[in-house]
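According to Swiss-Prot, the Zn(2+) binding site annotation covers H564, H568, C666, H670, on the basis of sequence analysis.
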Amino acid sequence: MSKSTAEIRQAFLDFFHSKGHQVVASSSLVPHNDPTLLFTNAGMNQFKDVFLGLDKRNYSRATTAQRCVRAGGKHNDLENVGYTARHHTFFEMLGNFSFGDYFKQDAIKYAWELLTGENWFALPKEKLWVTVYETDDEAFDIWANEVGVPRERIIRIGDNKGAPFASDNFWQMGDTGPCGPCTEIFFDHGDHIWGGPPGSPEEDGDRYIEIWNIVFMQFNRQADGTMEPLPKPSVDTGMGLERIAAVLQHVNSNYDIDLFRDLIASVAKVTGATDLTNKSLRVIADHIRSCAFLVADGVIPSNENRGYVLRRIIRRAIRHGNMLGAKDTFFWKLVAPLIDVMGSAGDELKQQQAQVEQVLKTEEEQFARTLERGLALLDEELSKLKGDTLDGETAFRLYDTYGFPVDLTADVCRERNIKVDEAGFEAAMEEQRRRARESSGFGADYNAMIRVDGASEFKGYDHLELNGKVTALFIDGKAVDSVSAGQEAVVILDQTPFYAESGGQVGDKGELKGAGFSFAVSDTQKYGQAIGHIGKVASGSLKVGDAVQADVDEARRHRIRLNHSATHLMHAALRQVLGTHVAQKGSLVNDKALRFDFSHFEAMKPEEIRAVEDLVNAQIRRNLAIETNIMDIDAARASGAMALFGEKYDDRVRVLRMGDFSTELCGGTHAARTGDIGLFRITSESGTAAGVRRIEAVTGEGAMAILHAQSDQLNDIAQLLKGDSHNLGEKVRAALERTRQLEKELQQLKEQAAAQESANLSSKAEEINGVKLLVSELTGVEPKMLRTMVDDLKNQLGSTIVVLATVADGKVSLIAGVSKDVTDRVKAGELVGMVAQQVGGKGGGRPDMAQAGGTDASALPAALASVKGWVSAKL
């Protein structure tokens, strides 16, 4: 009996654990502190800094089952998903890694043992082929002489992409970064399937399928193309779980493995589809995986960056559901079946199931409002098309008006063998894209700008003043030996009490001083393992090697500590009041206030806000001890400590406990007891995106200042109303009721005045061919009263044409009324449009009533004078 996908995943991890590897949990799909990546797309992403020598772990061997998304590239990447056997937006990458431990020999032998060992995957050895980089004789010899693969099944692959190291068997992360030769393992499905071995003209067939890539990471590629040896040669491997599952389950398509069979059946059930071979079922089954896990990792549908990629995938799935005949929202209903088929890999998703379902449902409901109209417009445009290409302007209109991502439009067009002018679409999108780039969350890559050898020891939990030594200085990202008065710089110390910005808490400010110099620190940031003090030399000069006294701004740090501790209390309170679906999505803690973004489906009710505020203040009054402990990450999670989904943690973590109320992983600075916070006050609650709410709050002195300001305001209002704060509500209600009554009386007076004005105007009408014509500019009449006056005049005059105008705040308001027996000759919309054009405006409406506006009041008399001639010509 073949293994299930979940069993294959576990067997891989168990095998490498037996070989001394640390089993490391999958990292978030949103790369942590790596602006070069849109999504996590390989198992090695979370170890990038380890390979570069910028980070250290307490293990030298690791194994993972990493969730990956590849959907941010060209549009046809997404279009292929569901239509080929192996294209996916979401997949799991099984990997084993060596950080300067074992190298080629063990990496190759481990792979062979797992694939062919009787107790493991037990694949027939004669079915396996391997490739090596053309000049990698060492790997070739290991395969041939030590493993025993016949030489005719070992293929050397050279630089086949037109440049040095541009080879299928030379792996590189990008234009820069870790790289090296690799060896790949292929499975031969047999001669009943078309295709040839790698390197042959028929290599693109489906007979020989790559199942494992083993990278021998030896170099760090620089921007100028040079290859710098890495500190220690390392190994990075990747094997697609879905691909190896297809091999072990004896099927040729990834969509035929157990996981996808079950998902496809669920898709058919919620959409009402009966043909299980329909490609749309594959599309939706793939897309629910990427969409659900992206939302769980904090990505929200939007029109920018990661959020736009997510929106594209969701809307493509919805459109395929529409093609299958789905009559109601269906996509969100697939989250539960997905959790079931993912096994242990779905545990984190299950924790956020309600939030993920709500976000997907909201997006589906929003798109459903425009999907049918957009498809109708596209169908109309395609039916009129003369050639085989839809113009970019129409594609952009579908995007801008109906929310159609261009790849969804291309999907529809492809079914009719029509292309989309994507260059034209991109041209129309350029302004939006420019704005998106400017507002992008991808900031500067500080580690790329400043490379610091060595580390700084942070001692700021216990000290706010400390002696240290300058180990490096930087100006504009470049290392220097010294800095002088007036220069802005980054100062690296061997040890420091300054907290570097992390986990939402801002960096410390303060002063570095020594013999003959003073350096004002305006911010503190991390640079790899080092801590950088950013600021300006206030006096004197300092150089590398100087002794310094580092003084943190104590009062500012104290306020930050209170706000950070209050954030933890509020997080726990939100989960109690709103539900356990609440998860932190972002935070900002500074010395003035705190801001907390969290997952929730709707605006909080006033009573919920009050309940959270009361609960936090209750914990403050309990004066709970705030304790920290350092422990293994697994032990911390087992103790119930909340970890931020997607946050990057070391193997040893700091657990912050506030009595029995809150336990979280946190590296920030905190109060000693909850009572130190003094008082907690929520100042606002708002939405930042679909499914994400934001609370802003203040503590301590800041909260007292808010209360004092509110009290002063109430006293001022009480004095104005000649009352006191005790009966203020009653006084305000009475004043509002009196105001409403006066407004009602005023409106009645205005209507009476308008009726009288209409009666006066009716005598000024002149007759043209049996039709009364009245044209007049009125003064002191509100624009909204003109319609009432026109109706009155039409009733009084019978067959009539009325044009009234007034000017308020320099703007012209026009209205035209035509009795129904005259509308066959004179249309009110045409008439008012003719007048509006002369006063710099436009308008329109029904044949019997139309209105318009204009900006040129000086042209109004002449415009009104032209009405008689225009009407006479029509009558």
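Just so it is clear, glycine is given a Cβ too, placed from its N, Cα and C backbone atoms.
Feature map: annotations from Swiss-Prot on the structure.
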| residue | record | CB count, 10 Å |
| --- | --- | --- |
| H564 | Zn(2+) binding site | 25 |
| H568 | Zn(2+) binding site | 26 |
| C666 | Zn(2+) binding site | 26 |
| H670 | Zn(2+) binding site | 25 |
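Same-chain neighbours of the Zn(2+) site beyond H564, H568, C666, H670, judged by a C-beta within 8 angstroms of the site's C-beta center, are, in sequence order, R561, S565, T567, I626, L656, E664, G668, T669. In the three-state DSSP assignment, the secondary structure recorded for H670 (Zn(2+) binding site) is coil.
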